Structure formats: C-alpha cells, structure tokens
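S.K.: Residues or ranges marked as domain 'CBS' by TrEMBL: 642-706, 736-794. Residues annotated as region 'Disordered' in TrEMBL: 1-20. The annotation transmembrane segment is assigned in TrEMBL to 114-135, 196-221, 242-262, 298-322, 371-393, 413-432, 484-504, 511-530, 558-583.
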Amino acid sequence: SNKKNSEKSPASLHTPHERDEHSNACLATYLLTIRLFSSGISSATPTEETNDAGNLMDFLDEPFPDVGTYEDFHTIDWLREKSRDTDRHRKITSKSKESIWEFIKSLLDAWSGWLVMLLIGLLSGTLAGVIDLAVDWMTDLKEGVCLSALWYSHEQCCWTSNETTFADRDKCPQWQKWAELMTGYTEGAGVYLLNYFLYVLWALFFSFLAVSLVRVFAPYACGSGIPEIKTILSGFIIRGYLGKWTLLIKTVTLVLAVSSGLSLGKEGPLVHVACCCGNLFCSLFSKYSKNEGKRREVLSAAAAAGVSVAFGAPIGGVLFSLEEVSYYFPLKTLWRSFFAALVAAFTLRSINPFGNNRLVLFYVEYHTPWYMAELVPFILLGVFGGLWGTLFIRCNIAWCRRRKTTLLGKYPVLEVIVVTGITAVLAFPNPYTRRSTSELISELFNDCGSLESSQLCDYINNPNMSRPVDDIPDRPAGPGVYSALWQLTLALVFKIVITIFTFGMKIPSGLFIPSMAVGAIAGRIVGIAVEQMAYHHHDWIIFKNWCRPGADCVTPGLYAMVGAAACLGGVTRMTVSLVVIMFELTGGLEYIVPLMAAAVTSKWVADAFGKEGIYEAHIQLNGYPYLDQDEFTHRTLATDVMRPRRNEPPLALLTQDSTTVEDVETLIKDTDYNGFPVVVSHESERLIGFVQRRDLILSARQKQDGVVSNSVVHFTEDAPQIPASNPQPLKLRRILNLSPFTVTDHTPMETVVDIFRKLGLRQCLVTRSGRLLGIITKKDVLRHMAQMMNQDPESIMFN
C-alpha cells in the first residue's frame, strides 16, 4: 500500500523483553510496541557504497524472502496469489506430459492437499484428546488425588474400584480429598476450610503457571485466537501467530487455564490450535508455504477441524468455518474442510477421552417431543440470549479498552492472579460453580431419569407410578430442586459478571463454554418453572390441549440447551452453524425448530443494539484491517478517499525509463510506502503499472554487472541502445505488475468497498482518462468506513 506505514517489524524486535512490554489486550498492544520501535528503524540511514554496484538498502541487516512475499503486519494481494498459483499449476500440467516422473509429481501435487487435511485431522484430534484428558485430571486434582494411580481423575479412579456403590458412585476409598489425606478426617469445619484453601491454592498455581508461560515464551498464545484467525484468513500477515512455539505453549497453557476454574472454555482456543497444526503442515509443501492464498485455504479447513473436535460436530465445524471465520471459501475447500473435520472427529472418538464413547462431555438424548406452546418460552430465552450478548460485548470491550489504556495493562500476571483468586473464592461454596463448566453444562442438559441422583432431579415421586424409565411423568419439585434453583440463580449472576473480566486476559480463554453455561443455567431455571406450572395448573388453557395429568410434558434439559444456543448466538451472532452444532450434540432432528427460533430471535435482538459480534468487536478494538460483510450505504466517491489529498505532498512515482538507481535509493530511504506506481513520465503521468517496495529492494540488491548509482532503471520490455560511455541500465520489467486494479475518480465508494472485499485487494489506483490521480489502500477504505460511522479512523493501525 502506497502510504505511510511504520509497522515494519524486524525479527530482532521479537524478543521476550519487548514482548513483555505489551498490555493485556494481548496481540494488539504487542504489535503497537513493535510499531513504536520500528518507527525509529525506518528512518535509519544507509551505509556508504563500497563498490560500483548499486545495492539498494544495504543498511538493512535482515535478509528478505523471495519476491512476492509480504512483510509482517501487512495484507496479501489475493489476485496476485491466485495468478501465481494458476501459473504454477499450468507449468506442472505442461511438464506432466514430458515424462512418467513428471506425471507422478503432478499427481503428488494434486493429492498434497488431501494429505495435509489428513495430517491436520490426526494431529488436531490427538491434541484435543490429550487436552480433554489432562483437563479432567487437573480439575479433579484441585479437590483430591487417586491413591491407586496418581494420573487417574476422580471418575477414572472410582471406575477401577470394587467398593463403589450405585448410590455413592462418586465415592470410593481410592479417591481421597486433600484434607482427608492430610488429617484423616472427612467431616468438620476444619476439613472444609482446608479443602477450600487448597482449592484456591491449586487454582492460583495453575493460572500463574499459565500466564507465566504465555508471557515468557509465546505472547501470541493468549486469548481466544478467533479474532486473529478471522483477520489472518482475510489476508493479514501475523508472523509467528501460528508458529510451533505458539502451538506448544497454547496447548499446555490451555490445560492449565481451564483447570484453574476460571470462567473460560477450551473450544475457541482449539480453533487456534488446529490452525497452528495447519500452518505447521503447510511448511512441508511448497504449494502452500510459498503461496499465502493457498495457505489460507488450508487454515479455513483447519478451523473446521478445530470446531469438530471442540464440540464433536464435524458438519457444524465446516459451517462454522464458512459462516464465522473464513474470508475466501471455494468449493474444494468445503470438501477438504469436511474431510479434515471427519478425520479429527474420528481420531478424538478413537481416544475416547470421556469414556462415554462420545466426542463431548455434554452429549444428551431426549425422548419427549416439544409442543407448539413451548415456542413462547423458547423465544423468550432467545430474547435473553440477545440481551446477554449485547451486555457482554459492551462491558467486555469497555474493560479491554480500559486494560489497554491504563496501568492495568502493564501487570497482566497480577490481573490473572487477582481474577483467579476472586473466582476460586466465590466458586468453591457453590457446587454448581465449583465443578468444571463442561460438567455443569452436562448436568443442566441432562433429562431427569429414574437413575439420576442430582439435586436438580429431587422430585417427589408417586409410589404407584409404573412407567418406563424414559417416560417419567411430570412431578412436583422436592426441596432439592428448590435449593438447586437458588444455587443456580447465584451461579448465573456469578458467571455473567466474572466472564466479562476473564475473557481477554493474557491466557488462553475461549468464550463458547461460558456463554453456553449462562444460557444453560437460565434455560434450566425457565424449564423447571414451566414444568411446575404445567403440573400444578394443567387445567389452564395453554396446557389443557397438550399436557394431561400424569403425562411427561416438559423437558427442562431441552430448555437448558435452547438457552445455551441463544446466549452463544447472542455473543457470536452465529446462526446456521450454531443450530447444526447443537443438533449434533443432541443427535435428534426433532429439536431443530426450537433451536432455530432461539438462535434467530437472539440474533435479531442483539443486532438491534449493534451489528458486530464479540469477535468483530475485538478486531475493531485491536485495529486489524478486516473488511466485514456489512453494506456500505454512504454516497461518497473514490476522489473523496484517495491519497494524496490537497494539503499532502504529491504521490511518490517511478518513471518507466528516466529514474536512476540513486533516485530509487533516495525514494526508498526517505519514504516507507509499500509500493510505487510506474508512469511514462512525470509530465504525462500515464499509468504503466505498479511495483511493490519489497520486490524493488530485493531485485535491486541482486548485483548486476556494470550497474552503478547513476544507472537508469528500465521498466520497459526492451531497453534502448545506450552509448558505451553510459553505465549499464538496471532492468526491472519482471517485477512490474502491468495490470494493477484501477478505478476512475468518480467511482462510488460503495463499488470500491465491494471490489476490495470481494477481490481482496491491497490497493487500487485512481485514474482519469489513463492519467494517474491517486491511490486507495485497504487502510484508507477502513478508515473512511470508520469515519462514516462516527468512529475514530486512527484506530485502524495496520496495513
């Protein structure tokens, strides 16, 4: 992009010391720190020439990659990447006819995409299984230990015991709580306080270890990762965000963060982990490692595999990638995403981390149909989900902005410790907040059968009842249910408040599970209320037609599931993929309509207060160059947005055959533009093409015999004959883009925005009758859109 840019980020700045200076907004402030450092570097002066060869930019110590690659924190040119891949494919096809070996190589190239998908699915599924097993063990470690095998969780420990009874199936002599192990007592105030203290201590230890590992080894491993994944898939370059260190640290710290009991989930970060796997395997194949556009096709499929193992929903994962994160999603990527999601789900199923032959802990099956009158509470849950989503986004963004702009951002470790301490202290007394959030959701989703021992299933049974296990009629609530309702109400308030402060801290933190927990708690409370109303007032007109006395009318667990979908939809604004994910969790088509009603209502209500979901809000907060899909309706023209403007210096240009090497050196030294238009002459300014700054530097650094500082740079096909006394010209025709995208100065900005969004442009040149007038970059478009929406245009920080 041909405008001021101080975001160049030499690798020498990526040290732990500089990384420690960023605030808790994770990635955005880290990048801002690099900008501050690099602003000084961009003004460095070149060293003196030591020979006659004109070596541009010898003052830069960092080596440049091949022509066509991009600098850190810049946007790729989708059209250029597509053209390069087409040329590569055409070359392979023509060579395949020359020999058997070339034909075999062409087949290997064609199948490399499927091989990468297979590897991504295998590694993603394996890592997800390991994470699930480790989280299960470390979560239970806060409360006690298995004496027979230290690596067993509570449930696994009691599986192996022969002394477990059905009534007390969670108690066995092999599993002992810490206070019992230390004191020998199982009851009493001292035992409770000791268990309380050790629970908080373990939580603080896990969270401190997690934030320390992230801070020292991989600053990019914090947060959900989905806002950055969306930005990367839209064509932005963030070196190291999907690297090997990030993959390793994110996997380890995700286990620690979830096990600490913080109000966060592992589902969002699993998408980041899967994309790291995709990027890792892309480096093995030049087809993907040397083409940023092809690499993003693989990353889209990897995101689908991440959701597949997070929820056990392969189809939902593909739709999530298509609906929520992907920017460019061709048909072949759809097929490969499905294959990667299938392999990942199969791998996780083979590991069987939960011991229930399911891919997730909260898989449920319902056997009671829903009735039309129940659509009213389902829609009300959708309204609640939309309101919760709006409240959460506004409060969380306000807190994250405060974190970035105050001293709070300078102490991320202290923030994590404080939030963990508050969470653990408040969570332990309530059994519904003490357990892991996935276990809570599982209990809230479950239907109350005759074998359930939960407080939520403490109903007063009719001793004369003789019904099948799956068809228990509605019954009056017992004291355990009313006690559970009060605890769930307190848990609901606690989850709503603490999640606002937890999401965005400098540890891996997903939002899917906390949002689902808020909705599931609200849904279960509403479900129990409707159930009791139907039981005690079955003669009311709304219950008369479908709820007879002694019938199994209402399933509170279904309300919990609908509430979970509504709250998740309100926060993320997902619709189709959300319904499919929830459908795959239940395994039944019968409940699609309630889920659809809740998801659509939630989105409508949330959109009434603001169009952006939580991920788009964080993208905007961090200033990433992401063009969303909203329509641009303002009546402005390209001439209103293009640079240079009236009070700005003229456009930096190169001519096709009158610019010297010294002129180019001076231009590159004095400016930090990312590219330069090439014109016939300064007088005519007739556009010839566009050359990237990086390509210009790299090509000019390659020594050509006889080239000196006053050598003329030629962008023409054939350099004219020069006298023998003149120095040899520098021919750079091969790096010139002869077909840059252009618009006229009277093109409506609505059209320009559509062009940038659908073609993935980095920049667009503005002409009138073939004469160059200015340039519009992606950052210019984003800043203009922000200005039209009365937002700060300077919030767009990166090219």
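Each residue, glycine too, has its Cβ placed from N, Cα and C.
Tell me about the surroundings of these features in the structure.
M.R.: Nonlocal intrachain contacts for the transmembrane segment (114-135), taken as residues 6+ away from its ends with a CB within less than 8 angstroms of a stretch CB, comprise 251, 254-255, 258-259, 266, 270, 273-274, 277-278, 280-282, 284-285, 288, 298, 301-302, 305-306, 308-310, 336-337, 339-348, 350-351, 353-354, 436.
Note on the transmembrane segment (242-262): residues 127, 130-131, 134-135, 138-139, 141-142, 202-204, 206-207, 209-211, 213-214, 217-218, 220-221, 225, 232, 269-270, 272-273, 275-280, 299, 419-420, 423-424, 427, 434, 436, 502, 507-509 of its chain, located 6 or more positions outside it, place their CB under 8 angstroms from a CB of the stretch.
Residues 496, 499-500, 515, 518-519, 522-523, 526-527, 530, 542-543, 545-547, 553-554, 559, 562-563, 565-573, 593-594, 597-610, 612-614, 617 of the same chain lie 6 or more positions beyond the ends of the transmembrane segment (371-393) yet place their CB under 8 Å from a CB of it.
For the transmembrane segment (413-432), the list of distant contacts is 24, 196, 199-200, 203-204, 207-208, 210-212, 215, 260-263, 403, 440, 443, 455, 484, 487-488, 490-491, 494, 498, 501-502, 505-507, 521: same-chain residues at least six beyond its ends, Cβ to Cβ under 8 Å.
Sequence-distant neighbours of the transmembrane segment (484-504) (same chain, 6+ residues past either end, Cβ-Cβ under 8 Å): 24-26, 223-224, 262-264, 388, 391-392, 395-396, 399-400, 403, 419, 422-423, 426-427, 430-433, 440, 454-456, 458, 511, 514-515, 517-518, 521-522, 524-525, 528, 614, 618.
For the transmembrane segment (511-530), the residues of the chain that approach it from at least six positions outside its boundaries are 224, 263-268, 310-311, 374, 377, 380-381, 384-385, 388-389, 392, 432, 437-438, 440-441, 444-445, 456, 477, 481, 485, 488-489, 491-492, 495-496, 499, 502-503, 554-568, 570-572, 614, judged by C-beta separation under 8 angstroms.
Sequence-distant contacts of the transmembrane segment (558-583), counting only residues of its own chain at least 6 positions beyond either end whose CB sits under 8 Å from a CB of the stretch, comprise 307, 311, 313, 315-317, 319-320, 322-324, 364, 366, 368, 370, 377-378, 381-382, 384-390, 392-393, 441, 444-445, 447, 511-512, 515-524, 526-527, 530, 589, 591-592, 594-596, 598-603, 605-607, 612-615.
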S.K.: Which sequence-distant residues neighbour the transmembrane segment (196-221)? Criterion: at least 6 residues beyond either end, Cβ under 8 Å.
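M.R.: For the transmembrane segment (196-221), the far contacts come to 16, 19-20, 22, 26-27, 30, 138, 141-143, 178-179, 228, 238, 240-241, 243, 245-246, 248-250, 252-253, 256-257, 259-262, 412-413, 416-417, 420-421, 423-425, 428, 434, 505-508.
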S.K.: Taking all residues of the domain 'CBS' (642-706) together, what is their mean pLDDT?
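M.R.: Result for the domain 'CBS' (642-706): average pLDDT 85.
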S.K.: Please work out the helix, strand and coil residue numbers for the domain 'CBS' (736-794) from the DSSP assignment.
M.R.: 24 helix, 18 strand, 17 coil
